[in-house]
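Enquirer: Below: one structure in structure tokens.
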Amino acid sequence: MYLLFLFLLFPTVFSLNQDGFILQQVKLSLDDPDSYLSSWNSNDASPCRWSGVSCAGDFSSVTSVDLSSANLAGPFPSVICRLSNLAHLSLYNNSINSTLPLNIAACKSLQTLDLSQNLLTGELPQTLADIPTLVHLDLTGNNFSGDIPASFGKFENLEVLSLVYNLLDGTIPPFLGNISTLKMLNLSYNPFSPSRIPPEFGNLTNLEVMWLTECHLVGQIPDSLGQLSKLVDLDLALNDLVGHIPPSLGGLTNVVQIELYNNSLTGEIPPELGNLKSLRLLDASMNQLTGKIPDELCRVPLESLNLYENNLEGELPASIALSPNLYEIRIFGNRLTGGLPKDLGLNSPLRWLDVSENEFSGDLPADLCAKGELEELLIIHNSFSGVIPESLADCRSLTRIRLAYNRFSGSVPTGFWGLPHVNLLELVNNSFSGEISKSIGGASNLSLLILSNNEFTGSLPEEIGSLDNLNQLSASGNKFSGSLPDSLMSLGELGTLDLHGNQFSGELTSGIKSWKKLNELNLADNEFTGKIPDEIGSLSVLNYLDLSGNMFSGKIPVSLQSLKLNQLNLSYNRLSGDLPPSLAKDMYKNSFIGNPGLCGDIKGLCGSENEAKKRGYVWLLRSIFVLAAMVLLAGVAWFYFKYRTFKKARAMERSKWTLMSFHKLGFSEHEILESLDEDNVIGAGASGKVYKVVLTNGETVAVKRLWTGSVKETGDCDPEKGYKPGVQDEAFEAEVETLGKIRHKNIVKLWCCCSTRDCKLLVYEYMPNGSLGDLLHSSKGGMLGWQTRFKIILDAAEGLSYLHHDSVPPIVHRDIKSNNILIDGDYGARVADFGVAKAVDLTGKAPKSMSVIAGSCGYIAPEYAYTLRVNEKSDIYSFGVVILEIVTRKRPVDPELGEKDLVKWVCSTLDQKGIEHVIDPKLDSCFKEEISKILNVGLLCTSPLPINRPSMRRVVKMLQEIGGGDEDSLHKIRDDKDGKLTPYYNEDTSDQGSIA
């Protein structure tokens with residue numbers, strides 16, 4: 001009866017053999033939206049011709065099933081283990097979900113199991129070790145968690161074990177050292193609990209590849225690893241390893257690549273590494289290594305040498321120039337001295353050379369580009385001298401040239417100006433002379449031309465106007481002369497034009513209206529004449545304008561009022577007429593000095609119409625005041641003597657304040673100090689208390705009083721404790737000075753800093769709509785439409801992207817949250833408190849909650865719990881939380897979410913209920929598609945693994961494409977399955993290496 005039932009139920013599959021019947025069950029258990037399994041026809045006699053299926057030679061039984069990248073979804077099809085001769089199974093890059101069942105052990109003949117890049121969760125099944133024939137096990141890129149099962153130490157034939165990119169959080173177990181057959185061990189990018197490298201791994205004498213990247217390893221590298229004589233690739237990067245590099249690693253006679261970067265290794269590089277004749281790639285960057293670079297190491301035929309950001313001394317051994325295939329040297333950020341080997345580049349296809357931030361001297365080697373492959377020449381902050389070798393003028397492969405802060409002199413070779421692939425040419429702070437060659441017109445890819453503080457002469461060539469990609473032209477502090485070429489006005493991509501401190505003359509023409517992307521214009525201290533063109537007001541993104549120290553005449557264009565300028569300086573010209581009304585404010589009093597013909601209601605300028613009348617009454621007023629003074633003199637005398645002591649103390653107190661200003665100020669530190677009243681407090685957080693201060697000139701500023709030891713305890717600033725600047729104060733001032741130089745429309749302007757030893761005040765521009773967090777979670781939050789919220793997200797992203805990628809030096813915010821995103825009167829967003837956490841910590845008096853934790857509850861990236869390190873990826877995670885907060889209008893940590901934080905709640909609710917239950921119900925449903933895309937960006941930013949989070953520059957691009965309707969970028973998924981990364985994996989590392 002049972003057979004009859006099967007016959008009636010599946011009449012068409014009786015033609016199939018048993019293996020075909022099993023595969024039909026597999027097909028039914030999986031979701032196949034792309035119909036990848038359409039060739040699996042139940043009418044066939046055998047499945048051996050089906051896509052992804054291979055059979056033994058007699059076509060009687062299935063031995064291999066490969067369904068890689070088939071877009072299949074569903075739980076693991078356990079029924080497939082009924083294929084008695086199945087030796088190879090690959091479901092790589094699908095959406096296989098749920099847990100991997102214990103009955104996987106039923107696949108008794110399995111030799112290869114590849115389930116990488118899926119959505120599997122839960123613990124690793126201990127029964128995997130019960131498959132006696134298993135040779136290759138790849139579970140990379142899933143969401144497995146918990147410990148590695150103890151049974152894994154009992155594999156009998158396993159050669160490959162890859163568990164990369166999971167969520168395993170136990171310790172790395174010593175019993176893996178029992179798998180004597182193992183050739184490849186890859187555990188990289190898992191949040192393991194801090195643990196040491198088990199010395200037992202030295203027993204894996206057949207091991208060829210050991211990748212333990214970013215596994216939270218601590219302690220020293222065990223000497224036993226030197227026993228792995230067959231090892232080809234060793235990667236221990238991105239951990240917390242300490243101690244010396246063991247000389248025993250000289251026993252790795254077959255090793256080709258060693259990656260030790262980003263640890264805390266100390267001591268000298270062992271000369272025993274010179275025994276590694278097969279070594280081609282060595283990266284021990286970002287450690288604390290000392291001593292010299294061993295000559296023995298440089299005699300090995302290396303291809304890539306990365307030792308940057310250590311404390312190495314001495315010279316770069318000349319023997320490095322003999323390596324026949326050397327293509328990369330990155331040794332910046334050390335204390336290396338002497339000259340570069342004179343034959344460097346002569347014998348090898350050198351492509352990337354970065355020796356910045358050392359103490360090198362002498363001439364540049366003439367043969368750096370002898371093989372015609374040099375792309376990056378980065379040597380900033382050294383003491384190189386002499387001239388640029390003529391040979392480099394023929395190096396057409398160059399893309400980035402940074403020779404700044406050296407002692408070069410002489411003319412720049414003619415061909416050097418016109419190299420066709422160069423996008424960055426930086427010659428700052430040298431003694432170069434001569435003119436810019438007309439050949440610069442051939443530099444069609446040039447984006448950044450930075451020539452400041454040299455001795456260049458002549459005029460800018462007309463050919464410079466053909467550089468359509470030019471974004472920055474900085475040539476201040478030279479001896480350029482003549483008029484600006486007309487062609488310069490056609491540079492539509494120009495964002496910064498800084499020509500101050502030269503001898504330029506002529507007029508500024510109306511052609512400047514083409515500079516639609518210009519953010520900074522500095523033509524100060526030249527000899528320009530004529531009127532300031534009205535068209536300057538059409539430069540909508542201009543926020544820095546300095547035309548001081550010229551001979552401009554005529555009226556100030558009324559159109560200037562339409563600009564949102566952070567910096568304006570028109571002083572010391574020949575301007576006349578009335579100030580435009582919105583500029584006639586005391587805060588601009590220093591912006592117009594030295595213009596005798598200029599009139600306005602600012603002290604120092606010629607008077608207004610009523611001023612003459614006012615003078616007529618001066619004599620009468622003086623008489624009245626003198627009489628009143630005589631009447632009150634007796635009473636005032638008593639008060640004078642009574643408070644004389646108080647006034648002296650007050651004067652002493654004020655004298656101890658140090659003011660560091662970053663803009664033209666219309667107020668003094670005394671006015672700020674007198675307004676620090678508890679009635680003016682508008683907020684308080686982990687880094688300090690914020691006051692709203694209305695100034696006498698009518699302007700409003702926000703004053704943040706940073707928490708320090710005494711302030712936190714007493715609640716008051718006490719400057720009478722004897723202020724003596726020290727290292728911590730200098731570090732604080734240096735940090736704040738960096739913050740004060742920031743100029744961006746989406747970053748809150750820092751007016752100035754007032755400080756004593758025990759009190760630090762930061763004065764910011766005031767944002768009338770308060771913080772995003774307060775606005776979003778107040779009664780007004782539900783009235784924020786989607787377009788306003790999207791604008792806030794994009795504005796904040798652009799501000800944070802500027803800090804990460806365009807600020808010099810780059811700045812990590814450390815505490816991105818909705819309360820640190822402020823909203824202006826037009827509901828534009830501005831990032832605030834950037835770097836404040838670091839600045840407070842530099843005082844050495846941060847409260848415990850501040851010094852221990854960088855960030856705010858609910859916004860902190862998960863890896864911080866076990867690394868206690870903050871980088872740009874931490875900011876990106878926090879920004880992703882802000883996106884989710886804006887979309888859902890729920891706080892990151894809320895009793896409504898139960899034991900979950902916002903990220904986990906969004907993920908689980910999306911899976912269980914759908915997006916309708918995630919989005920704020922106050923939002924218009926017509927924006928659902930766009931909101932969904934933004935939500936995906938937020939989830940991408942909050943990826944548990946930092947490596948999977950996009951850079952902020954990429955986030956901005958995705959947001960812009962969503963706003964423009966382009967969704968292609970949202971579906972691009974990185975498919976790396978090997979887990980192997982270098983320090984240069986990010987898409988936005990144009991300034992990787994040295995950044996100045």
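Counting begins at 1 with the first residue displayed.
Quick reminder: no glycine exception, Cβ is built from N, Cα and C everywhere.
What you see is a predicted model, and the numbers here were worked out from it, not measured in a lab.
In case it helps, Swiss-Prot gives these features for our protein:
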CARBOHYD  Asn93  N-linked glycosylation site
CARBOHYD  Asn97  N-linked glycosylation site
REPEAT    109-131  repeat 'LRR 3'
CARBOHYD  Asn143  N-linked glycosylation site
CARBOHYD  Asn178  N-linked glycosylation site
CARBOHYD  Asn186  N-linked glycosylation site
CARBOHYD  Asn203  N-linked glycosylation site
REPEAT    253-276  repeat 'LRR 9'
CARBOHYD  Asn262  N-linked glycosylation site
REPEAT    396-419  repeat 'LRR 15'
REPEAT    421-443  repeat 'LRR 16'
CARBOHYD  Asn429  N-linked glycosylation site
CARBOHYD  Asn445  N-linked glycosylation site
CARBOHYD  Asn569  N-linked glycosylation site
TRANSMEM  619-639  transmembrane segment
ACT_SITE  Asp815  active site, proton acceptor
Enquirer: Tell me the Cα distance separating Asn143 (N-linked glycosylation site) from Asn93 (N-linked glycosylation site), rounded to the nearest angstrom.
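Expert: Spelling it out, the Cα of Asn93 (N-linked glycosylation site) and the Cα of Asn143 (N-linked glycosylation site) are 13 Å apart.
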Enquirer: Can you tell which of the glycosylation sites Asn143, Asn178, Asn186, Asn203 lies nearest to Asn262 (N-linked glycosylation site) in space, using Cα positions?
Expert: Asn186
Enquirer: List, in sequence order, the same-chain residues at least six positions removed whose CB sits under 8 Å from that of Asn203 (N-linked glycosylation site)?
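Expert: For Asn203 (N-linked glycosylation site), the qualifying residues are Gly177, Asn178, Ser180, Ser224, Gln227.
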Enquirer: Give me the long-range Cβ neighbours of Asn97 (N-linked glycosylation site): same chain, 6+ apart, Cβ under 8 Å, in sequence order.
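Expert: Residues satisfying the criterion: Ala73, Gly74, Pro75, Asn118, Leu119, Leu120, Thr121.
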Enquirer: Rounded to the nearest Å, what's the C-alpha distance separating Asn429 (N-linked glycosylation site) and Asn445 (N-linked glycosylation site)? Just drop the number here, would you?
Expert: 23
Enquirer: Here are the glycosylation sites: Asn143, Asn429. Which has the lowest count of other Cβ atoms within 10 Å?
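Expert: Ranked by other Cβ atoms within 10 Å, the glycosylation sites Asn143, Asn429 bottom out at Asn143.
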Enquirer: How far is it from Asn143 (N-linked glycosylation site) to Asn186 (N-linked glycosylation site), counting Cα to Cα, in Å?
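Expert: Their Cα atoms are separated by 16 Å.
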Enquirer: So among Asn186, Asn569, Asp815, all listed as recorded positions, which is physically nearest to Asn445 (N-linked glycosylation site)? Use the C-alpha atoms.
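Expert: Comparing Cα positions, the closest of these recorded positions turns out to be Asn569.
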Enquirer: What whole-number Å value do you get for the CA-CA distance of Asn569 (N-linked glycosylation site) and Asn186 (N-linked glycosylation site)?
Expert: 59
Enquirer: About how far apart, in whole Å, are the alpha carbons (Cα) of Asn186 (N-linked glycosylation site) and the residue listed as 'active site, proton acceptor'?
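Expert: Rounded to the nearest whole number, the Cα-Cα distance is 34 Å.
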